[in-house]
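J.: For reference, the structure I am asking about is given below.
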């Protein structure tokens with residue numbers, strides 16, 4: 001088995017999908033998790049205005065709405081959370097995503113004071129924080145807020161990790177990489193886009209340039225620039241297609257580099273890192 005085949009196997013990616021079937025499968029998955037854990041009544045998800053959180057949010061709201069109808073339990077709720085650092089430059093996209101999702105509840109927590117306070121405390125202790133490192137603090141602070149909400153609201157936190165993100169390790173360890181449930185896992189970027197099209201999302205929500213937008217000194221830095229490879233190449237690779245040797249080498253480099261992010265803390269029994 002080639003490395004490409006092994007990665008595809010681990011991430012569960014299909015070469016082609018039926019969007020309606022994947023929508024149904026995901027909604028049922030989200031419903032089943034809450035039904036199994038009767039002490040949970042809510043899903044919590046940060047909404048950025050990008051493709052991934054828009055899709056995960058819509059599917060979560062659909063699942064919650066069906067659960068309420070099937071059980072007559074009005075305690076089931078989907079809580080969308082806006083988590084800007086100061087003023088988000090593409091706030092209009094976030095509002096457009098919320099209008100599409102129509103969440104039961106929307107909360108806004110501005111993380112700037114918490115992030116800046118942490119950076120200042122570290123600097124006071126003599127630890128200088130790089131802009132890149134500060135970006136990771138932002139991602140982790142967003143998850144702190146979401147788990148605080150989930151803890152108060154009998155909730156589970158939804159993550160937006162998908163195959164095209166997982167393969168490159170393009171997420172913050174214990175930040176956006178930390179969640180209770182990953183409804184998009186197995187889908188690549190173009191497949192997620194296909195689901196949003198079927199769901200009737202505004203094209204602007206899935207055609208916009210993907211960005212983590214975590215670094216102050218590189219605002220709106222495109223994922224593809226940061227990674228050095230296009231999502232088209234990543235998606236093609238995940239679908240078992242041939243791509244250029246340069247693109248393949250870049251993708252596989254990121255796969256190996258991000259391996260530690262796909263595991264729980266390493267124990268003496270682990271050998272994947274050797």
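Glycine residues also receive a Cβ, built from the backbone N, Cα and C atoms like all the rest.
Per Swiss-Prot, the features are:
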BINDING   46, 47, 48, 49, 50, 51, 52, 53, 160, 189, 211  ATP binding site
BINDING   52, 165  Mg(2+) binding site
BINDING   140, 173, 180, 260, 261  deamido-NAD(+) binding site
J.: Tell me, how many other CB atoms lie within 10 A of the CB of residue 165 (Mg(2+) binding site), whichever protein chain they belong to?
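T.: 26, counting other Cβ atoms within 10 Å of residue 165 (Mg(2+) binding site).
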J.: Name the residues of the same chain, 6+ apart in sequence, whose Cβ is under 8 Å from the Cβ of residue 140 (deamido-NAD(+) binding site)?
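T.: Correct list: 172, 174, 175, 178.
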J.: Between residue 261 (deamido-NAD(+) binding site) and residue 46 (ATP binding site), how many Å separate their Cα atoms?
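T.: That separation, Cα to Cα, works out to 20 Å.
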J.: DSSP on residue 211 (ATP binding site), three-state: which is it?
T.: strand
J.: Have a look at the binding-site residues (46, 50) and report the one with the fewest Cβ neighbours inside 10 Å.
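T.: Fewest other Cβ atoms within 10 Å, among the binding-site residues 46, 50, is found for 50.
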J.: To which of the binding-site residues 48, 160, 211 does the lowest count of other Cβ atoms within 10 Å belong?
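T.: Looking at the binding-site residues 48, 160, 211, the Cβ with the fewest others within 10 Å is that of 211.
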J.: Which value in Å gives the longest Cα to Cα span across the deamido-NAD(+) site residues 140, 173, 180, 260, 261 as recorded?
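T.: Max span of the deamido-NAD(+) binding residues, Cα based, is 18 Å.
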